[in-house]
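Visitor: One structure follows; several queries about it will come next.
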Amino acid sequence: MTDVMILTDGRYGQTEPKVDAPRLKKIINGRLIRDHEIIDNDVLYICNGKILNPQDCFFSSGKLPNEIIDAEGLLIAPGFIDIQINGAFGVDFSEWREEDHIKNGLDKVSKGLLNYGCTSFLPTLISSKPELYHKVLPLIKPRKGNINQGAEILGAHLEGPFIASNQYGAHDLLNVRTAPNGFSDFVDMYGLSCSSEGNDENQNIKLITVAPDVEGVLDSIKQLIKIGITVSIVAQAEEAIKRGANCITHLFNAMQQFHHRDPGIIGMLGTNYPRPYYGIICDGIHVHPNSIKIAYDSHPRGAILITDAMEAMGLPPGDYTLGDVPVRKSGKKVEVIENGKLAGSVLTMDECVRNFKKFTGCSIVEAIEAATLHPAELLGIDNVKGTLYPGADADLVFLDDDLRIVKCFIAGIEPAEDALQKRNSIWDIKNNWAPNNYDGGV
């Protein structure tokens, strides 16, 4: 059995009494997801937000834990990472009202996501006008997760507007753009810095989804990567992968479908080139379970579970918007009112994990790693996210064998029970509607 120490910080209510010295918590009787397997009856030590090798500090200092937490045989995994979420709980990241609306919305979503085991995320903006990007992107600053602000914001995911005009899904076609001037059109659209050192706005952008077959996009990929942006694609995959793109956005959706003589982007799952990661919406609506299993069987280490959730997640059926587009939530489905196209989801990350295991027959470890390790590897942050190795952040979820969330820790601290109950009663900011036993339709 290997002991691992986690350093944590932060205080919340009465759950963490103020003391001068760092507090150590010891978690016992846990089943840890580590090294691609479940390690039974392992131990974690918590103190100041980071995982450290106990050989380096615990045994040499001889300090005993201040508190012992019995995991009672539950699975302990890294917190989930959602790289594509358009909004939730009445908040739409692609909607501008005023600066406080975006700031308060980010806080609301960050806190609410902890209920579903999501401890890090990329607020996602769909195809929008330049003025919206220029207003919103400076506000989506990466920030550490903590007990007061909620899940960590890793930066923004920009899905569009450089996407194909015949595969635009629920985006407003009027916002879809080409890039005839190449990289300079990206600079103008997003307000980027051309310097390799970047600027605040560059640092706020973690991931961009583009269609390489759109004029000017393919030749811009290397420059986008040079300024620190990960590129995900929805078309013309082979050449884009050669130029550095390394992910497929929501596999099977808004892209050419597979044909045995022209496999398109989906065929990249069977290529001899380095195979890309692929995001997949595991709600059984966007993609049939059998198709999800085909993707998993082809490239299990590339699967990244995403929600593609929008503002109706956690709220009752009714009419909402996705950016500028009016949509309607009915049960677990969200559709554009005008044409019936799917418009994001109301899925949560914990349900993604459960569905993925159910649809594919994969192991518990594989299902969890598709929501933790794989997105962290894509973003180049697997030294601090998605694992329980020394040096990683102490964002944890405790799960039962049905992969349901029992506890969630952010920076090593568990939200107080009354705080979680309050967050479970998030109300619709438009209609002042407060759910009682409503489960958000998921």
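A Cβ is built for glycine as well, from the same backbone N, Cα and C atoms used for every other residue.
Summarising the annotation, TrEMBL assigns active site, proton donor/acceptor to Asp308. Per TrEMBL, the feature Zn(2+) binding site maps to Glu159, His250. Marked as substrate binding site by TrEMBL: Ala170, Asn253, Ala254, Arg261, His286, Leu342, Ala343, Gly344. According to TrEMBL, the domain 'Amidohydrolase-related' annotation covers 76-407.
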Visitor: I'm trying to understand the geometry here, so how far is the Cα atom of Ala170 (substrate binding site) from the Cα atom of Asp308 (active site, proton donor/acceptor), in Å to the nearest whole number?
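Guide: That separation, Cα to Cα, works out to 12 Å.
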Visitor: Could you tell me the C-alpha distance between His250 (Zn(2+) binding site) and Ala343 (substrate binding site) in angstrom, no decimals?
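Guide: About 12 Å separate the Cα atoms of these two residues.
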Visitor: List the Cα distance (Å, whole number) between Gly344 (substrate binding site) and the residue listed as 'active site, proton donor/acceptor'.
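Guide: Between the alpha carbons of Gly344 (substrate binding site) and the residue listed as 'active site, proton donor/acceptor' there are 5 Å.
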Visitor: Which one is it, among the recorded positions Asn253, His286, Asp308, Leu342, Ala343, that lies nearest to Glu159 (Zn(2+) binding site) by Cα separation?
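Guide: Closest by Cα: Asp308.
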Visitor: Taking 10 A as the limit, how many CB atoms besides its own sit near the CB of Ala170 (substrate binding site)?
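Guide: Within a 10 Å radius of the Cβ of Ala170 (substrate binding site) lie 23 other Cβ atoms.
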Visitor: Pop the mean pLDDT for the domain 'Amidohydrolase-related' (76-407) in here, whole number is fine.
Guide: 92
